[in-house]
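In what follows, a structure is listed as structure tokens, so that the remarks can point back to it.
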Amino acid sequence: MARNKIALIGSGMIGGTLAHLAGLKELGDIVLFDIADGIPQGKGLDIAQSSPVEGFDANLTGASDYSAIEGADVCIVTAGVARKPGMSRDDLLGINLKVMEQVGAGIKKYAPNAFVICITNPLDAMVWALQKFSGLPANKVVGMAGVLDSSRFRLFLAKEFNVSVEDVTAFVLGGHGDSMVPLARYSTVAGIPLTDLVTMGWLTAERLEEIIQRTRDGGAEIVGLLKTGSAYYAPAASAIAMAESYLKDKKRVLPCAAHLDGQYGVKDMYVGVPTVIGAGGIERIIEIDLNKAEKEAFDKSVASVAGLCEACITIAPSLK
């Protein structure tokens, strides 16, 4: 039986972590790609040399030519510039848009049947541009955002309540930025909604709002601490969960930046919503009822993403 092929486009901190995790999970053969010749080859060799110790069999190679990704089943895109302290995700737009154009052309030529997961920031605008540049079906191109944001929310809640992270589910909608919308009403501890836990006295509404704000600032908090880079362990783990659901047809319900075509009243944009990921890619977008305050917050987030997409069109009119 032919093994799956996973192409990791970008061999920085997230790319290297992705390669290691994909190897440990034996998801298939792995290609680390980067235009900086030597880095993907070196990281690929280093990770491959860990396989006898870790006990996984995976052909792991590094490459600096797009032809190496030919026939990939999954492409995970991390190429681009990472945030530095004081930068917003949006500050990266002009630089990383040019990168997405090159990546899109490479995927279009060599891996047109792949399921593509974009991690590059500003996420919602970059995945939108990548889909346009690559010409791949919208259900096969998705952004990694909600899995990470929800994971951060879950961790902070688990620490607050002193319970296992496994018993906390969390729901984050909207753009992957300061306007993201963590939904307390749809987030639970052992099935009990957070709003009920406030009523039960487990925490105050004010404390819950502090946790929600920390979730919004989750990436910036790490950037501020690292000073020379941004998060990579949790983003990589989040993308691997998405890739695994696709490769194994698990049909997991995962919040992702997905292409909306009328859902939630949004047209031709990528925004974070709950999805079902299976062998068909994004097989379903789940529309939930939002109350007035939630809808206003979601619409504000959508407007922020729309502004980024307009900025992309100004730089690259072909995206229109």
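Backbone N, Cα and C define each Cβ position, glycine as well.
Model, not experiment: these values are computed from the prediction.
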Task: Which of Asp29, Asp34, Asp37 belongs with Gly10, Ser11, Gly12, Met13, Ile14, Gly15, Asn96, Ile119, Thr120, Asn121 in the NAD(+) site listed by Swiss-Prot - done: Asp34
Task: Residue among the recorded positions Arg83, Arg152, His176 whose Cβ has the most other Cβ atoms within 10 Å - done: His176
- [ ] Can you tell which of Gly10, Gly12 has the least company, meaning the fewest other C-beta atoms within 10 angstroms of its C-beta, among these binding-site residues?
- [x] Gly12
Task: Distance [Cα-Cα, Å, rounded] between Ile119 (NAD(+) binding site) and His176 (active site, proton acceptor) - done: 10
Open item on the list: I need the least crowded one of these binding-site residues (Ile14, Asp34, Asn121), counting other C-beta atoms within 10 angstroms of each C-beta.
Closed with: Asp34
Open item on the list: In whole Å, how far does the CA atom of Arg152 (substrate binding site) lie from that of His176 (active site, proton acceptor)?
Closed with: 13
- [ ] Take the Cβ of Ile119 (NAD(+) binding site) and count every other Cβ within 10 Å, whichever protein chain it belongs to.
- [x] 27
